[in-house]
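What TrEMBL says about this protein:
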DOMAIN    40-290  domain 'G-protein coupled receptors family 1 profile'
TRANSMEM  26-48  transmembrane segment
TRANSMEM  100-121  transmembrane segment
TRANSMEM  142-163  transmembrane segment
TRANSMEM  193-219  transmembrane segment
TRANSMEM  240-261  transmembrane segment
TRANSMEM  273-292  transmembrane segment
Amino acid sequence: MDNLTFRHGILLVEGLKVTPQSSQPVFIVLLLAYVFTVVSNIGLIVLISTEKNLHDPMHFLFCNLPVNDIIGTTVIMPRLLQDILKEASERYISYVECVIQAYFVHVFTAACHYVLMIMAFDRYVAICNPLRYTAIMTNKMVIKLSAFAWGLAFFLVTIMIGLSVRLSHCRYKIENPFCDNASLFKLSCENVIINNIFGIIYTVIALSLSAISIFITYVKIATVCITSKNKALNSKAIKTCCTHLAVYLIMFISGAVFIFLHRFPEYSDSRKLASIMFHIVPPGLNPLVYGLQTKEIRQKIVKLWRRKNRIL
């Protein structure tokens, strides 16, 4: 088996540990979650794209979030669902496929932070500089912010995955439900201290850059709300900021649980489950939180629903 896997570049993925009796129920639950996530996120993108009233910087920047959520779920769910129905000894993946999967797993993780960061900047300008909002948040600025978020994610992940791909591998088993950077460099018997150091730097940059910038943004927004006597402004600020903050906390807590469990080997199975949930829970909840809490989107959904009922 070892010689075969080395010669053909085939790896064995641990996948999700389920008993034969529970494999089908787990498959159905995860499939429904995946379908709901993809359909709801695509629905939001189509709604924003087709409704002219939603063609503004806030909603265009928001479109980055459902696009990223679709990437995050699609990069692991189809293969994970496929592996659930297979025997543990038959869950193979080619090395190239594993690298591609790991690459987009980390692009999704990084983009989560940076997309929410640029969305926070939009809210800051709208609330703290409302008179200059249209002058600052032009179409060109929206493109620049989106390019920054995705460009930074792709840049850092390319370096990180590149450091792992350069290593030779002497093992063939991915001890994880799916491929990620740690799974890749753990296949090697070489010194991986550079990979560990860059992995820490990458994590610190992703977490601290978004957390600090969002914290500063909300402090400034809170300051404006406290000093302002405009009740309409304060009400709008609270609604939009609470929605954005809820999405950020869902993502942050899901990721923090996964990172925290890394420190406790005895909770290995819980960590692996948490890593899967990170690709299911935030992408599934984001359309509900943002779609239903944002007034403009909610009104359009209700309008379309009523129109559909009249036709029926």
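Here, residue 1 is simply the first one shown, and the rest follow in order.
Note that Cβ sites are derived from N, Cα and C of the backbone, with glycine treated the same way.
Keep in mind that TrEMBL annotations are predicted by a computer and have not been checked by a curator.
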The transmembrane segment (26-48) versus listed stretches 100-121, 142-163, 193-219, 240-261, 273-292: most Cβ pairs under 8 Å: 273-292
Intrachain neighbours beyond the transmembrane segment (142-163), with Cβ under 8 angstroms and 6 or more residues off its ends: 57, 60-61, 64, 99, 102-103, 106-107, 110-111, 114-115, 117-118, 121-122, 181, 184-185, 194-195, 198-199, 202, 205-206
Sequence-remote partners of the transmembrane segment (273-292) [C-beta within less than 8 Å, at least six residues beyond its ends]: 16, 30, 33-34, 36-37, 40-41, 43-44, 62, 65-66, 69-70, 72-73, 75-77, 80, 105, 108-109, 112, 176-178, 180, 243, 246-247, 250-251, 254-255, 257-258, 261, 298, 301
Mean of pLDDT values spanning the domain 'G-protein coupled receptors family 1 profile' (40-290): 86
